[in-house]
Amino acid sequence: MNTNQRIITIGTICLIVGIISLLLQIGNIILLWMSHSIQTGEKSHPKVCNQSVITYENNTWVNQTYVNISNTNIAAGQGVTPIILAGNSSLCPISGWAIYSKDNSIRIGSKGDIFVMREPFISCSHLECRTFFLTQGALLNDRHSNGTVKDRSPYRTLMSCPIGEAPSPYNSRFESVAWSASACHDGMGWLTIGISGPDNGAVAVLKYNGIITDTIKSWRNKILRTQESECVCINGSCFTIMTDGPSNGQASYKLFKMEKGKIIRSIELDAPNYHYEECSCYPDTGKVVCVCRDNWHASNRPWVSFDQNLDYQIGYICSGVFGDNPRSNDGKGNCGPVLSNGANGVKGFSFRYGNGVWIGRTKSISSRSGFEMIWDPNGWTETDSSFSMKQDIIALTDWSGYSGSFVQHPELTGMNCIRPCFWVELIRGQPKESTIWTSGSSISFCGVNSGTASWSWPDGADLPFTIDK
């Protein structure tokens, strides 16, 4: 084969290889186009998923503490339908209290990232119950926890997390800047009320579904404050009560009616010689009942009941089983203030059943320790100190603190009545213990008409922490 033939042969082979390569590239392009067309066609014509529920789980490890960020069930083909919580039912008949939640946040906080907080409370929508709490802008076992015994500071915020979970930066939702707060759900959205600012000019900021909708300026310029527990929603309207004025004398008290976070009406109570602070409120047959703290002069608790037009009645729980702390020993009650040993107080609650009343109170008459529930069948209207049932919640030797009411609506439970529930704050740290911080965990109970247990469910944290030594 001469030189020209070799050149022609090599050229032919190269040409054939090039043509084959070109054909392969064209084939790849055609296959890619066909694949894209098939995928696009499938997206345009989605198939119906045979499963009714799809579950997504996101899990994160933080400082060797396992935190389940979310566990959300999504019903295929279904959306969350807003409703209006009616609030027209009566309270469910109950014979005792079943434990509902315990977050153990102080115990967990010795190792994990847990908020320093106080004033926890619980509120439920028609879909879930959440724990709300006032943080100090600090974590347990950290240097910024120093001095958090202080009630009011610019670092305090209202946050919330799923009920029963220890409140951490990884499972909590910011709600408002606040050192006094309330929150509730009307079936369509969350209303939050956060009070912050100077003692002589604080402002309450109202948010509906996270958006600022209204404000309330302090009208007496003496520490505007609100419930530290849930507000009440009935038929699309929500209600709260606020205090402005002295903590040890006659103050001013206002009822507020709100719709979608906007104030539509307010009135000032005509309540001489009464003192209302930190009211625990609940709905009952279309009305609102609030049981409050008298920090001025009473061992028993004041109440205010009002309808949706804010027409109200006021009084004190008549029972000789006194509910405040500090308080006198049980004895002769009064339908007005029981003045013996009545100065100072603690947030608390009661549930009215006709002439009877469930009274929640500390076991100690002088310190915030222990907790018990007492059923006085005539205690709302009669002044004797007899009662028919007592259920132990926290032992006398263990710390308690604030307590308050919340309810579960029929739209959540499927029952035909409103279930009464309560929470108890378990305060740890200063001023009673040798720490640099003050914080708390919480437990909650709900009323049932079946078997219950008397026991003690204390905070249980072993103090002091490393930061305190």
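The first residue you see is number 1, and the count goes up from there.
Quick reminder: no glycine exception, Cβ is built from N, Cα and C everywhere.
Since we're looking at a predicted model, the values are computed, not measured.
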Residue in Asp307, Asp311, Asp324, Asp330 which Swiss-Prot records at the Ca(2+) site where Asp294, Asn344 also bind: Asp324
Cysteine paired with Cys446, where Swiss-Prot records a disulfide bond, from Cys417, Cys421: Cys421
Cysteine paired with Cys417, where Swiss-Prot records a disulfide bond, from Cys49, Cys92, Cys124: Cys92
Disulphide partner cysteine [Swiss-Prot] for Cys233, chosen from Cys238, Cys279: Cys238
Lowest local Cβ density among Asp151, Asp294, Asp324, which the record lists as recorded positions, within 10 Å: Asp151
Sequence-distant neighbours of Asn344 (Ca(2+) binding site) in its chain (C-beta under 8 A, six or more apart): Asn295, Pro326
Pairwise CA distance, Asp294 (Ca(2+) binding site) versus Asp151 (active site, proton donor/acceptor), rounded so that it is a whole Å: 18
Asp324 (Ca(2+) binding site) and Asp151 (active site, proton donor/acceptor), distance between Cα atoms, whole Å: 20
